[in-house]
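Written out below as structure tokens is the structure these notes cover.
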Amino acid sequence: MSFTIAIDGPAASGKGTIARALAARFGFAHLDTGLLYRAVGALGGDPILAARELTPDDLRRDDLRSAAAGQAASRVAAIPEVRSALVDFQRRFARTEPGAVLDGRDIGTVICPEAEVKLYVTASDEIRARRRALELGADEGVILTELRERDARDAARDVAPMRQADDAVLIDTSTLTIDEAVELAINLARRAGA
Ligand SMILES: Nc1ncnc2c1ncn2[C@@H]1O[C@H](COP(=O)(O)OP(=O)(O)OP(=O)(O)O)[C@@H](O)[C@H]1O
Ligand SMILES: Nc1ccn([C@@H]2O[C@H](COP(=O)(O)O)[C@@H](O)[C@H]2O)c(=O)n1
């Protein structure tokens, strides 16, 4: 039986960094589910059709990591038909043997409510903006505004809003180094049987 680790949290909180490290540590597959919504947003046209016809090649586009792609993703992610078109793929991925780590906004609440480990990774708005600005070589103030706008939209939408699952463990990475955050997550996963 497959072991699932679900990681949710706001933009640039460090979810992906922790997810990749957990996957490497335990030999699990990793899916950055944000990439699915980024690809749908970047494809343009009818987002429902784009979500239904998404291909692995669409996820390899080199323009998916930009702030603009993040905003476009957040807009299409509020469309219920877009979300439902992507559910089966994510749930199938979660059953990869011997285990899978999925990070996103609704993994612990909607996609994998039965996950063996659930983490909700967060950090202060300012710290997240500083880290993302450094990563993209972008203006910190602009990124801060963009992150807040995106988080507000993600948390307020009617379908699968971003929120911490009742049984998720909160990890605030504001004052943690990457190594400290990863170690904390590894210990939690180990204790849960990973
Ligand atoms: N604990 C940490 N200390 C310092 N920098 C960190 C820490 N965790 C992550 N980072 C850096 O912050 C940036 C955002 O991290 P990451 O991409 O993991 O966030 P995310 O939550 O997956 O973002 P997104 O929602 O956009 O997918 C990256 O540049 C990463 O290297
Ligand atoms: N499970 C998910 C994952 C992502 N989204 C939406 O996609 C946007 C981009 O996600 P990143 O993780 O790459 O920042 C995000 O702002 C959400 O709108 C989602 O809805 N559900």
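Using the three backbone atoms N, Cα and C, a Cβ is placed for every residue, glycine included.
These come from TrEMBL:
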type	residues	note
BINDING	Gly9, Pro10, Ala11, Ala12, Ser13, Gly14, Lys15, Gly16, Thr17	ATP binding site
DOMAIN	5-40	domain 'Cytidylate kinase'
DOMAIN	62-190	domain 'Cytidylate kinase'
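Among the binding-site residues Gly9, Ala11, Ser13, Lys15, Thr17, the residues whose Cβ sits under 6 Å from any atom of ligand 2 are Ala11. Classification of Lys15 (ATP binding site) by DSSP places it within a helix. Residues in the domain 'Cytidylate kinase' (5-40) partition by DSSP class (helix H, G, I; strand E, B; coil) as 19 helix, 8 strand, 9 coil. Least crowded of the binding-site residues (Ser13, Thr17), judged by neighbouring Cβ atoms within 10 Å of its own Cβ: Thr17. In the structure as shown, the Cβ atom of Lys15 (ATP binding site) sits within 10 Å of 28 other Cβ atoms. Of the chain residues outside the ATP site list Gly9, Pro10, Ala11, Ala12, Ser13, Gly14, Lys15, Gly16, Thr17, Asp103, Val121, Thr122, Ala123, Arg128, Thr173 have their Cβ within 8 Å of the site's Cβ mean position. Over the domain 'Cytidylate kinase' (5-40) the predicted model carries a mean pLDDT of 98.
Around Gly9 (ATP binding site), taking its Cβ as the centre, 29 other Cβ atoms fall within 10 Å, counting all chains. Within the same chain, residues at least six positions away from Ala11 (ATP binding site) with a Cβ under 8 Å of its Cβ are Gly70, Arg128, Arg132, Leu147, Arg150, Asp151, Asp154.
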